[in-house]
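Here's the structure we're looking at; comments come further down.
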Amino acid sequence: MNAPIIDPLQGDFPEVIEEYLEHGVIKCVAFNHRGSLLAAGCADGGCVIWDFETRGIAKEIRDNDCSAAITSVSWSKYGHRLLVSAADKSLTLWDVSTGEKIARTILQQTPLQARLNPGLSSPSLCLACPLSSAPMIVDFDIDCTTLLPVSVPEMPDVLAPPQRSKCPESNPPFSPAAACFNKCGDLVYIGNSKGEILIVDYKSVRVLALVSASGAAPVKNIVFSRNGQYLLTNSHDRTIRIYENLLPAKNVLKSLEDLGKNIDGLDGIEKMKTVGSKCLTLFREFQDSVTKMHWKAPCFSGDGEWVVGGSACKGEHKIYIWDRAGHLVKILEGPKEALIDLAWHPVHPIIVSVSLAGLVYIWAKDYTENWSAFAPDFKELEENEEYVEREDEFDLIPETEKVKVLDVNEDEEVDIDTVEKDAFSDSDMSVEELRYLPAEPIPDTNDQQDNLVESIKLIEGQISASPASEEAGQNGHHASSPQAEEMGETRGKRKRKPSEKAMELQAEKAKPLKGSGKTVRAKNRAAFDQETDDSINGGDDDDDAYY
């Protein structure tokens with residue numbers, strides 16, 4: 001849709017269900033960095049990748065060792081790798097282009113969510129949030145996991161050393177913690193069961209700052225906006241909170257260390273809270289004051305202007321959209337099915353939501369065209385009106401009154417090689433990004449080939465039993481006999497229609513004749529045979545053919 005003919009007063013958010021995608025029972029979805037590919041995890045352990053431009057399946061990925069439901073899918077920054085977590089406690093890293101498995105590891109707990117490091121072009125490092133364990137960093141290259149802290153002890157000097165092992169021991173059950181990377185991938189933000197947000201350096205496994213939230217409710221989800229300027233948390237107190245990120249986009253670790261050095265007279269938790277207040281500040285809170293419902297899979301829009309959250313109530317498929325100022329602007333109501341996951345398109349105002357039945361619904365904007373943008377004097381009519389033209393409206397304009405054509409430099413070279421950078425893209429142009437997958441033809445199986453051979457034999461049998469074949473047999477010539485080939489008759493060819501003269505003679509032959517019928521019948525029979533021979537040998541070129 002061209003931007004000039006879109007009404008600028010309309011909100012840039014989805015409004016109606018445009019289409020739905022179906023492939024087994026879908027459990028989770030994720031867009032790649034450009035939004036050209038949509039990955040989905042299925043209940044049978046497989047993954048499917050749709051080309052979102054054509055809405056066709058581009059690739060299917062399946063691990064023979066996994067038959068459990070997929071819990072999350074995550075793209076690498078440039079789209080070459082896909083991380084899949086499953087209910088059988090496995091993490092699998094895939095090469096999207098070739099469909100080959102790069103690495104696979106088994107955790108001690110079921111990972112509810114796993115995310116690849118967004119700061120690496122070919123990441124082999126991911127952040128996993130297990131069901132009953134602390135968030136951990138998983139390194140596929142060395143097959144090692146590192147548990148991250150989820151709380152700050154009273155005495156920071158007695159911090160326990162980080163637990164690094166190939167098979168970390170399972171900890172006592174506790175409320176699961178949510179975690180995510182920042183935009184550059186050098187810090188991890190963890191929301192714990194106390195409602196606190198910990199800023200952790202995952203390389204040294206140190207807590208650098210602490211942010212306390214009001215209410216002290218456990219944090220269920222935590223996610224950054226695409227530009228890294230805002231942080232969203234979803235808590236058990238049915239409130240979505242938006243924090244503004246005060247740290248710079250680059251050299252984040254150095255900035256945090258400088259903040260800690262500039263604070264004197266404080267130690268321990270108080271110092272971390274002071275540093276945290278200079279890292280994040282509460283910007284807005286969102287909640288339904290009437291129903292007090294829980295929220296499912298909240299996230300930002302691609303440009304960060306909108307906040308979206310799904311209703312966690314059973315039996316309803318509702319999506320709430322707010323602007324950053326905190327105003328509820330739209331409620332999208334879908335089918336009577338619970339919502340389990342959703343994602344906002346990185347570039348376009350499109351939302352995809354997953355229902356409990358396993359369908360993927362695509363929500364898009366209902367555009368109203370504004371054709372007056374092409375001509376300022378364009379007037380939209382509510383109904384048909386009779387137009388009376390002026391007397392000189394279509395008269396030829398004299399040469400002296402013609403508008404002078406603007407001078408255009410036709411010799412100037414037009415740049416057709418430079419690609420304009422997307423407004424929301426932060427990709428490095430030096431690295432080739434995977435935007436589309438080539439179409440792969442599906443080879444015929446042995447069963448399909450056998451069915452094709454049987455179909456051909458069946459058709460040949462029907463042709464051999466056709467009336468034309470029976471007529472040829474009655475005349476003493478088989479359809480494939482040499483005599484039939486000499487006469488120009490072969491199976492599958494068209495048969496000549498007798499001429500009008502032959503038809504008339506045949507009709508006269510059937511009538512009873514008076515007088516000496518033997519002589520007349522002999523003459524008619526000779527003429528009819530001669531005409532029939534001419535027809536068979538192609539004597540009548542103007543006759544029509546029939547099957």
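Residue positions begin at 1 at the first shown residue.
Glycine residues also receive a Cβ, built from the backbone N, Cα and C atoms like all the rest.
Annotated repeat 'WD 1' per Swiss-Prot: 21-60, in sequence order, evidence recorded as sequence analysis. As a whole-number mean, the pLDDT of the repeat 'WD 1' (21-60) in this prediction is 95.
When Cβ-Cβ distances below 8 Å are used as the criterion, the repeat 'WD 2' (65-104) is approached by residues 27-34, 37, 39-47, 49, 59, 110-116, 118-124, 126, 128, 138, 140-141, 143, 427, 431-435, 437 of the same chain, each at least six residues removed from its ends. Among the features that Swiss-Prot reports, repeat 'WD 2' is placed at 65-104.
Positions annotated as repeat 'WD 3' by Swiss-Prot, on the basis of sequence analysis: 214-253. Among residues of the same chain six or more beyond the repeat 'WD 3' (214-253), those with a C-beta under 8 A of the stretch's C-beta atoms are 175, 177-184, 186-187, 189-197, 201, 278-288, 292-295, 297-300, 302-304, 307, 309, 324, 346, 424, 426.
The repeat 'WD 4' annotation in Swiss-Prot covers 285-332.
Helix, strand and coil counts from DSSP across the repeat 'WD 5' (334-373) read 3 helix, 17 strand, 20 coil. The annotation repeat 'WD 5' is assigned in Swiss-Prot to 334-373 on the grounds of sequence analysis.
Per Swiss-Prot, the feature region 'Disordered' maps to 466-547.
The compositional bias 'Basic and acidic residues' annotation in Swiss-Prot covers 499-511.
Residues or ranges marked as compositional bias 'Acidic residues' by Swiss-Prot: 530-547.
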When DSSP states are grouped into helix, strand and coil, how many residues of the repeat 'WD 1' (21-60) land in each?
0 helix, 24 strand, 16 coil
